[in-house]
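Chemist: Got a structure for you, questions after.
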2 protein chains.
Amino acid sequence: MKPVRVGICGLGTVGGGTFNVLTRNADEIARRAGRPLVIEQVAHRSINPACDLTGIRTTKDVFEVATNPDIDVVVELIGGYDVARELVMMAIENGKHVVTANKALIAVHGNEIFKAAHEKGVIVAFEAAVAGGIPVIKSLREGLGANRISWVAGIINGTGNYILTHMRDEGRAFEDVLAEAQALGYAEADPTFDVEGIDAAHKLTILASIAYGVPLQFEKAYTEGISRVTAEDVEQADNLGYIIKHLGISKRTGDGLELRVHPTLIPKERLLASVHGVKNAIAVMGDAVGPTLYYGAGAGDEPTASAVVADLLDVARDISTEHRYRTPYLAFCGVTDDCDELPIMPMEDITTAYYLRLLAVDRPGVLARVATILSEEGISIEALIQKEATEGELVPIILLTHRTLEKHMNEAIRRIESLADIAGSVTRIRVESLDEQD
Amino acid sequence: MKPVRVGICGLGTVGGGTFNVLTRNADEIARRAGRPLVIEQVAHRSINPACDLTGIRTTKDVFEVATNPDIDVVVELIGGYDVARELVMMAIENGKHVVTANKALIAVHGNEIFKAAHEKGVIVAFEAAVAGGIPVIKSLREGLGANRISWVAGIINGTGNYILTHMRDEGRAFEDVLAEAQALGYAEADPTFDVEGIDAAHKLTILASIAYGVPLQFEKAYTEGISRVTAEDVEQADNLGYIIKHLGISKRTGDGLELRVHPTLIPKERLLASVHGVKNAIAVMGDAVGPTLYYGAGAGDEPTASAVVADLLDVARDISTEHRYRTPYLAFCGVTDDCDELPIMPMEDITTAYYLRLLAVDRPGVLARVATILSEEGISIEALIQKEATEGELVPIILLTHRTLEKHMNEAIRRIESLADIAGSVTRIRVESLDEQD
């Protein structure tokens, strides 16, 4: 069989990993693809000492790969938005399949890219863009293809999970663990994308698009980071039987789709609660299959390369079938027009349970006033912990509520904060049971 | 697009679930398949009250479905060996694709079936045969297609996991929990297939075949059940930081493949240790991706139907691509001839760590005699617990060893059992760290 000719753009961490996996496991990959995958050209700016490029055609110009007539598939691993977008659009324009690990590009420009790919009859594959090596895109798109998906909830940012894991295990503060993660290379010098949830929101946007067949709508995702989670909250959650994880959550409701990234209390007995350190995991609930979970490395050279090469296997199949394989790649709203109208819900319309932590002046009646406000807003209390305090000091009050509308909680918090007995602002962390009834 | 015409054979638990999922989610499935899937005929012997067969062509004769010229794909859900095998071979002979949930049939007769399917140019798909609704076959075959797999370890029998979970949580005996599981319908009246590991060995055989590209070799699998695991062992394992799970394990070594089902101590912090009740999970280690895990319902009507329908989506793609989709279904040794020679290793040649429990007469020197035997067999001790006993009573001794050859352990146990100080036989349970170095 004629080989599939691969052009790799970018030879950094993931590019180098992809080069090495394709080279090392060439025989195994050829058997699974039904034909060899050969690296025809590599575009890179600096040397990756992990890669032996002997005999490989190289260039510094990524656009040379996109126009190279000897290349069937362009692997975009340069990252960023502008050049990556131009590269991908040019590759499509030249009739080449595209494989990318670029979550930001897909989440923000995916609709335009898929439309162009659809018109040109090529695949744009992006398994590596979500949760590194975990084959969750393929599982959602094909393995769970029988199901109406009711929710997806995932630990999809390794840096955030590393920080929360160490905060819990060692009782340390956020800033302290972040500094350590930066020193170890698990967090960037500017950690905003990871700790403020932007990276997770990119990935969640992509997961939701595949799970529900809706267009990518990153701009409508609610994004809240972990930088305000305190060691105190981690400990209180633990006392209540919960663990705090930074989750991307998307639920199908009667009113549309919830699409939100935020710190979340989940019961300790959920499998997601046992996912520690930099690892990722995605829980998916389908109406037929029930709860499922996919776990593995969410980043790193060869884990991500594993997903890039899995996409190349799909591309090889599409080439082998004269471009008739790609059906599952086209089942998007925005590309095809046959899916449900599922608007992304504004955050104030979502329903969830809440953990609240407030600091009260230790005066008779303060608890009653807080409880009255919650009751008046239609919010019922599931658990309450009031710590003992010495006379005159501020007392922390911890509350767990039952499920309620976010807008009711917003109003309740506004009213509680205006009480004379309450000091500062109320800490609010959402709580998800992630059980089969959700 | 012309619909894919499905014939369902068997309308029991899984057959009924498949019928209902195909009916209920028809629109969603059609979008993902790129064409509708219609139920053309159902063969069943008794009524399934969960299914509304109005307007469906039915028969009592499964072979009518296998020869029906209006059917593209036969879904075999009757179970058992003989009739199922005849049905599947007849369907293939008539040029029909086959989807089956029958693990015993595939594990025992798969090589013959795949050969016939290969010659006839049809797909035989069996995602539902392993771990119910978890898309682990597709993940191994496609999602992890870049990887050289080094090991697979799974909780692949829900009944066994239910029993071990309750033994641990409630400190109860095997027989006691088994009786409860039978009363609740989680265990058969004759529980042999489940609790003695035969069902798990069928599934492990299939997993190993896909993971390593080797022929199905069920007859070479080592199979040990959980009926001799005691509440005492469960408790001692817990004290040592382990949990006992009934695992199917297959490892690639320099000498071939290990293929074994047995109770296993695994560290509590492994994700597999948090898989409770009737749920299944499979951990897979790839050279590029590292450790991954797939979790969900291993049985049940609609979870299994989810996998059956996922296979039907693959069949639909093969039909859409004029039979050129099926490449990944053909990458078997025995069908194609281009894979490594990987003999299944005899059990005495495997290497693992061990938990030993012995009852000793409380006399000076007994520990020294046991330690000497282990040392002479080249086995080193990692941990040792000797309980206090009242004068003249038997004392339990618990040992954890480092990794050693099974044949050396067999010899050590034979010698220990022959000591005058040791009462009865030595309990031996294998220990697996399941870490990234394994």
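Note that Cβ sites are derived from N, Cα and C of the backbone, with glycine treated the same way.
Heads up, TrEMBL stuff is auto-annotated, nobody curated it.
When I checked TrEMBL for this same protein, it listed these features:
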- B:Lys203: active site, proton donor (ACT_SITE)
- B:Cys9, B:Gly10, B:Leu11, B:Gly12, B:Thr13, B:Val14, B:Gly15, B:Gly16: NADP(+) binding site (BINDING)
- B:Lys103: NADPH binding site (BINDING)
- B:Glu188: L-homoserine binding site (BINDING)
- B:355-431: domain 'ACT' (DOMAIN)
Chemist: Work out the three-state DSSP category of B:Leu11 (NADP(+) binding site).
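Modeler: Note: B:Leu11 (NADP(+) binding site) is coil by DSSP, not helix or strand.
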Chemist: Return the residues near B:Lys103 (NADPH binding site), defined as same-chain residues 6+ apart in sequence whose C-beta is under 8 angstroms from its C-beta, sorted by sequence, else 'none'.
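Modeler: Non-local contacts for B:Lys103 (NADPH binding site): B:Phe126, B:Ala129, B:Val130, B:Asp199, B:His202, B:Lys203, B:Ile206.
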Chemist: Compute the mean position of the Cβ atoms of B:Cys9, B:Gly10, B:Leu11, B:Gly12, B:Thr13, B:Val14, B:Gly15, B:Gly16, which form the recorded NADP(+) site, and then list in sequence order the other residues of that chain whose Cβ is within 8 Å of it.
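Modeler: Apart from the listed residues, the neighbours are B:Ile8, B:Gly17, B:Thr18, B:Phe19, B:His44, B:Asn48, B:Leu77, B:Ile78.
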Chemist: What does the DSSP secondary structure composition of the domain 'ACT' (B:355-431) look like, as residue counts for helix, strand and coil?
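Modeler: Across the domain 'ACT' (B:355-431), DSSP assigns the residues as follows: 23 helix, 33 strand, 21 coil.
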Chemist: Can you tell me how far the Cα of B:Gly15 (NADP(+) binding site) sits from the Cα of B:Glu188 (L-homoserine binding site), in Å?
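Modeler: Rounded to the nearest whole number, the Cα-Cα distance is 19 Å.
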Chemist: For B:Cys9 (NADP(+) binding site), what residues in its own chain, 6 or more apart in sequence, show a Cβ-Cβ distance under 8 Å?
Modeler: B:Gly15, B:Ala43, B:Val62, B:Val65, B:Ala66, B:Val74, B:Val75, B:Glu76, B:Leu77, B:Ile78, B:Leu87
Chemist: Mind giving me a neighbour count for B:Gly10 (NADP(+) binding site)? Other Cβ atoms within 10 Å of its Cβ, every protein chain shown.
Modeler: 26
Chemist: For B:Leu11 (NADP(+) binding site), what is the tally of other C-beta atoms lying within 10 angstroms of its C-beta?
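Modeler: Excluding its own Cβ, B:Leu11 (NADP(+) binding site) sees 24 Cβ atoms within 10 Å.
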Chemist: Measure from the CA atom of the residue listed as 'L-homoserine binding site' to the CA atom of B:Gly10 (NADP(+) binding site) and give the result in Å, rounded to a whole number.
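Modeler: The residue listed as 'L-homoserine binding site' has its Cα 19 Å from the Cα of B:Gly10 (NADP(+) binding site).
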Chemist: What Cα-Cα separation, expressed in whole Å, is found between B:Glu188 (L-homoserine binding site) and B:Gly12 (NADP(+) binding site)?
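Modeler: The separation of the Cα atoms works out to 15 Å.
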Chemist: Taking the Cβ of B:Gly16 (NADP(+) binding site) as the reference point, list residues of the same chain whose Cβ is under 8 angstroms away and which are at least six residues distant in sequence.
Modeler: B:Asn48, B:Ala50, B:Cys51, B:Asp301
Chemist: For the residue listed as 'L-homoserine binding site', just count the other CB atoms lying within 10 A of its CB, please.
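Modeler: Neighbour count, Cβ to Cβ under the 10 Å cut-off: 13.
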